[in-house]
Amino acid sequence: MKTRLALPCLLGSLLLSSAVHAASALVPPKGYYAALEIRKGEAQACQAVPEPYTGELVFRSKYEGSDSARSTLNKKAEKAFRAKTKPITEIERGVSRMVMRYMEKGRLRRAGMRPGLLDAWAEDDALLSTEYNHTGKSMRKWALGSLAGAYLRLKFSTSQPLAAYPEQAKRIEAWFAKVGDQVIKDWSDLPLKQINNHSYWAAWSVMAAGVATNRRPLFDWAVEQFHIAAKQVDPRGFLANELKRRQRALAYHNYSLPPLMMIAAFAQANGVDLRGDNDGALGRLAGNVLAGVEDPEPFAERAGEDQDMEDLETDAKFSWLEPYCALYACSPALRERKAEMGPFKNFRLGGDVTRIFDPQEKPSKSTVGNAD
């Protein structure tokens, strides 16, 4: 008798996977098709489902009280922000962690396992409040990218781990689509002076949702936002709106790269090559950031302040190197450096980025890197 596979807890109620996609269907990069590693053994304990967040998306900014550079952390405001957004970050991290664990150590079905994390949030239309501030709409788009990004690994796996859940499928897809539509409303038609890394992360989240639900309008919107971002990269590889962050300008240039690289990788998988936009803006931006890590003086000159390098000492901040080296011919030295820094796990990109783009890299335990 053939044993049937299913998710342990978490996404026991996700989308029905299909092994066959129509020619026009949106697809992710090839690493998302990886099969499960099936090992018999004791199943992981179920994680408690965070209460679906259906309230107003109005949160204090951790930079509250800072000047226009928005670069000075307000510890009291940050504490309040972390406390109020805890259910959202818990589901982001929880889904990412469990998907990584499941893909790496697929377990046989444990009898009686209840439906998992996302179904409850979809059922309650979580994260869809139209009452929000800037920090609130930022949380919405980050969460969508995290959840849809992790889900993609399950949907497109050749092992089809979600095939047992057709009823929940419609609910989850509809929810992703609705949140994606709202993110588009949140971040469309902004003046250029307000388009920065937040818009890039919004575009990544919509790209992930678009491919997860096979909705071309979401894909197209994400690509259009990439075009806008590419036009913002100057001839030397600087982003004017990130230079405004003064002492954190280099850190925010680096923070802009993960969503842009992911969008480019997903576009490439669907026959759209974005590397040539604005005379190779994406590669130029990446090269400038890598040079800045070695010598931050050019950033200090342009931003008007010495650069705070603390964020850049965290290897997880360079998770964009995985899609970068899949899109470009990275030098042997950079590939060696990437291997030393990795494996990269970033829950805001859906989890284990290395396993997707460089699967021969030796995997490590399923911890989720910091993303903010």
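Positions of Cβ are set from backbone N, Cα and C atoms, glycine also.
Under the heading signal peptide, Swiss-Prot lists 1-22, citing sequence analysis as support.
Residue environment of Y252 (substrate binding site) contains 21 other Cβ atoms, counted within 10 Å of its Cβ in all protein chains. In the three-state DSSP classification, Y252 (substrate binding site) falls within a helix. Look at Swiss-Prot and you will find S61, K62, H134, T135, Y252 tagged as substrate binding site.
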Within 10 Å, the Cβ with the most other Cβ atoms among the binding-site residues K62, H134 is that of K62
Spatial neighbours, same chain, of T135 (substrate binding site) - Cβ under 8 Å, 6+ residues apart | V58, F59, R60, S61, F81
Taking the Cβ of S61 (substrate binding site) as the centre, how many other Cβ atoms fall within a 10 Å radius?
-> 18
K62 (substrate binding site) in three-state DSSP notation = coil
